[in-house]
Ligand SMILES: Cc1cc2nc3c(=O)[nH]c(=O)nc-3n(C[C@H](O)[C@H](O)[C@H](O)COP(=O)(O)OP(=O)(O)OC[C@H]3O[C@@H](n4cnc5c(N)ncnc54)[C@H](O)[C@@H]3O)c2cc1C
Ligand SMILES: NC(=O)c1ccc[n+]([C@@H]2O[C@H](COP(=O)([O-])OP(=O)(O)OC[C@H]3O[C@@H](n4cnc5c(N)ncnc54)[C@H](O)[C@@H]3O)[C@@H](O)[C@H]2O)c1
């Protein structure tokens with residue numbers, strides 16, 4: 001392997017992978033550095049992929065998704081263990097890491113096993129236990145080192161009863177009681193998985209509401225379903241201390257309340273993984289949460305160094321990180337490129353899952369944009385009855401001025417897939433009439449689009465009675 005590259009990428013998560021491959025496709029010599037056991041990044045090893053595989057196993061083994069069909073007591077497996085759940089996860093993680101490794105090597109991206117540290121604006125040293133240090137230089141860099149769970153000092157992580165989103169994957173037993181600290185996406189996804197497994201879950205969140213970037217009616221629907229699974233919410237309450245011993249844990253809130261539980265999942269935010277990069281050697285500085293500032297082209301203040309993915313902050317998704325990586329590499333090598341599309345979907349894999357694209361009702365109301373709402377309930381769709389989801393719903397928000405689709409919000413089975421139909425219409429600037437005129441396969445959940453679109457147009461027609 002060589003010592004000098006056109007592009008050196010630090011981190012093999014979604015952002016780093018796509019940056020390296022994009023550069024290779026442009027005929028550039030690219031290399032990527034990461035710890036060998038982290039191939040695929042947080043995404044493949046501790047974040048997206050294991051959590052989504054675990055969720056799939058939970059939904060399948062508990063029989064959750066078909067209880068409307070076979071009865072509330074239906075179980076696919078009576079005694080579900082952590083080993084049952086993690087068997088599939090281990091397999092999928094290994095397979096995905098292999099896919100990443102294979103894609104990089106067939107694109108002739110050199111892989112370096114270790115952690116990179118800047119020694120100058122154009123040079124790094126790669127260090128790994130038991131391996132000689134490797135000095136590399138490059139014309140351009142992409143920093144894609146991601147984040148790690150935040151670990152405040154007043155939380156006792158010394159015990160295996162207090163875990164973060166990395167440690168939750170190592171639990172050997174399903175806890176009977178669980179406190180989830182932080183109702184961000186990670187907290188809510190894991191709260192719903194454990195609740196579905198029968199764990200009594202308490203969610204503590206310092207803000208008065210959670211997932212407040214989503215449509216409030218959809219979050220209400222999710223909250224209702226989670227309460228039905230015995231989840232208790234302590235909203236507007238901050239955790240000040242978490243203690244643990246062999247018997248269990250106690251979580252203390254600022255209000256003085258103390259909540260005992262077998263296990264605590266601490267999911268109150270993440271920290272950029274920049275502290276070991278020696279950014280100063282490259283002329284860079286991170287903010288106090290370890291994150292880097294970039295411009296619209298993902299360039300840091302040092303012109304030849306780009307940063308993408310979770311290390312640059314919001315929206316911190318695998319989906320957007322990939323696109324940022326590709327765009328950064330294209331920009332670095334002068335390839336004609338569009339900027340990152342603004343209309344991006346959000347998918348939250350709670351049970352039930354929720355997803356949306358475009359504006360929420362609150363946003364439109366605040367901006368005084370007149371809109372009408374159309375709703376389709378899964379219980380009125382033949383596919384809803386077949387799959388046994390009577391709670392799901394899809395909601396369309398449509399401009400009453402030009403009939404353009406402004407937002408789509410879904411809660412229920414396949415929400416994260418369904419959202420893309422609305423996203424495609426919105427991306428093309430389409431109106432609700434496109435959906436009214438479309439013939440959908442029957443019986444499908446996608447048919448919800450037609451039902452909701454007709455609902456909107458009926459309401460708009462009724463309201464236009466007094467138009468001159
Ligand atoms: C529990 C959980 C669930 C999630 N679920 C979803 C989801 O459903 N959908 C979604 O879109 N997103 C999800 N995310 C977010 C998603 O995982 C991240 O947005 C994505 O992984 C960020 O990609 P990245 O390119 O920033 O790199 P990351 O995946 O964060 O990987 C960074 C890599 O950089 C490496 N690295 C760190 N320091 C160095 C160094 N000095 N030298 C070399 N390498 C280094 C690390 O070892 C790591 O492998 C989830 C995250 C978590 C934690
Ligand atoms: N499906 C998905 O797309 C998906 C899934 C999981 C994670 N992610 C991404 O991973 C990132 C990290 O997620 P996260 O959930 O860890 O972080 P987050 O920062 O979104 O949520 C942390 C929550 O903890 C709360 N909190 C902080 N300190 C607290 C305290 N002392 N007591 C009580 N509550 C407290 C915060 O108010 C916040 O709501 C996010 O950017 C998210 O988008 C995405």
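Think of each number as a place in line: the chain as shown, counted from 1.
Each Cβ is built from the backbone N, Cα and C atoms, and glycine gets one as well.
According to TrEMBL, the domain 'FAD/NAD(P)-binding' annotation covers 5-325.
Taken from TrEMBL, the feature FAD binding site applies to 52, 310. Annotation for residue 310 (FAD binding site): same-chain Cβ neighbours under 8 Å, separated by at least 6 residues, are 13, 15, 42, 146, 147, 270, 272, 316, 321.
What TrEMBL records for 182, 183, 184, 185, 186, 187, 188, 189, 205, 269 is NAD(+) binding site. Long-range Cβ proximity for residue 182 (NAD(+) binding site), meaning a same-chain Cβ under 8 A and a gap of 6 or more residues, is found for 204, 205, 266, 267, 268, 269. In the three-state DSSP classification, residue 182 (NAD(+) binding site) falls within coil.
With DSSP classes pooled into helix, strand and coil, the tally for the domain 'Pyridine nucleotide-disulphide oxidoreductase dimerisation' (345-452) is 40 helix, 31 strand, 37 coil. The feature domain 'Pyridine nucleotide-disulphide oxidoreductase dimerisation' is assigned by TrEMBL to 345-452.
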Nonlocal neighbours by CB distance (under 8 Å) for residue 186 (NAD(+) binding site), same chain, sequence gap 6 or more: 51, 165, 267
Local Cβ density at residue 205 (NAD(+) binding site) - other Cβ atoms counted within 10 Å: 23
Residues among the binding-site residues 182, 184, 188, 205 that border ligand 1 - Cβ under 6 angstroms, in sequence order: none
Listed binding-site residues adjacent to ligand 2, that is, members of 52, 188, 310 whose C-beta is under 6 A away: none
Longest CA-CA distance among 182, 183, 184, 185, 186, 187, 188, 189, 205, 269, per record bound to NAD(+), angstrom: 14
Candidate with the highest Cβ count within 10 Å, taken from the binding-site residues 52, 184, 188: 188
C-alpha spacing of residue 188 (NAD(+) binding site) relative to residue 52 (FAD binding site), in angstrom: 13
